[in-house]
Ligand SMILES: *Cc1c(COP(=O)(O)O)cnc(C)c1O
């Protein structure tokens, strides 16, 4: 690519069409997409009902600015919060949702200190980048936003030592996605929540990757029954249209009054038409039950066919957010699989990250696991030859 900044290492294919789990490149070659565009196209590519809803909105009106009322924003917000006494701020991406959360937490608590975790990922803008506990992401960008403290994940003692009366918020992912598909320990999470309440710090959960059904519940914090003050969404919310949201308890609204924060495109009608249809689908009776059943089937099959291979160190994750830690090069497995028609991702140098659409079929799961097992077996033979 000649005319675009080289900020990404790109795979050498251009996907020009997609339907469900199948994508097609410019040369007409088909692939099983077990990346969902990084946990974005949770309902697969071009789902019929979302396409129809967006096309209808495109014919009605695209954009009105947040200087006017929006019944559509209210109905998407209602789908997001359900029965809870919570409010929503709409934005356009994950990093923006986290910016909103960090700003709200500081303004509401009138405190500065924010605790986040090593290997976390919260986005690339200055605030979210400063929240991200990875030196390689900070490198070269000069002074960060002050006030962030990074501590080891899943470490109760480190947390007890870090939280105090000056803490505005603790921000975390329930499963660290970019950091290597690392699930949080439930007891550790409950301990964090307990200490937050005790010192008046807000618990912020970054659900950008784990939300919208990805782990088998609408939000991943529901597995542990947490009660976050704020959580953030983006990736899967619009199934590929750019929309993010920050959801917070209603009592925080005093700090987010008129003029305090905003976004020109936030809550845009076209992307919210998509979000409304996505949420309606995911919240339909039986949808998440089926995700749970299919993802358990997937996990069992992976355990049966891959766990014992010499190239596999461990299999972890929840629902359709799966990490396979490998003793070989993860990049080499990904390239090999791409040649054989299966797209997956990595998280770091030694973890395969697998994120099929929630709508994936049992047959597609069977095909993918068989390709994976073969690739992982060949990887071992390759390294033995060397
Ligand atoms: C992807 C991601 C983000 C950043 O989202 P963008 O839409 O790329 O800004 C933030 N947090 C988590 C957990 C993510 O996975």
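Glycine too: its Cβ is placed from the backbone N, Cα and C atoms.
Taken verbatim from TrEMBL:
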BINDING   94, 95, 121, 206, 207, 208, 209, 264  pyridoxal 5'-phosphate binding site
BINDING   124, 263  N(2)-acetyl-L-ornithine binding site
MOD_RES   235  N6-(pyridoxal phosphate)lysine
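Everything TrEMBL records as a feature, shown here on the structure.
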residue	record	Cβ contacts under 8 Å, 6 or more apart
94	pyridoxal 5'-phosphate binding site	122, 123, 128, 206, 208, 209, 232, 233, 234, 235, 244
121	pyridoxal 5'-phosphate binding site	132, 134, 137, 173, 176, 177, 178, 179
124	N(2)-acetyl-L-ornithine binding site	95, 137
207	pyridoxal 5'-phosphate binding site	173, 174, 219, 220, 221, 231, 232, 233
263	N(2)-acetyl-L-ornithine binding site	66, 90, 91, 92, 96
264	pyridoxal 5'-phosphate binding site	65, 66
### Task
Could you work out which of the binding-site residues (95, 209) has its C-beta surrounded by the smallest number of other C-beta atoms within 10 A?
95
### Message
Any of the binding-site residues 95, 207, 263, 264 with a C-beta atom under 6 A from ligand 1? Give them in order, or none.
### Response
95
### Task
Can you tell me how spread out the pyridoxal 5'-phosphate site is, meaning the largest CA to CA distance among 94, 95, 121, 206, 207, 208, 209, 264, in Å?
25
### Task
Note down the number of other Cβ atoms within 10 Å of the Cβ of residue 208 (pyridoxal 5'-phosphate binding site), including every protein chain shown.
28
### Task
Would you mind pulling the DSSP three-state label for residue 95 (pyridoxal 5'-phosphate binding site)?
helix
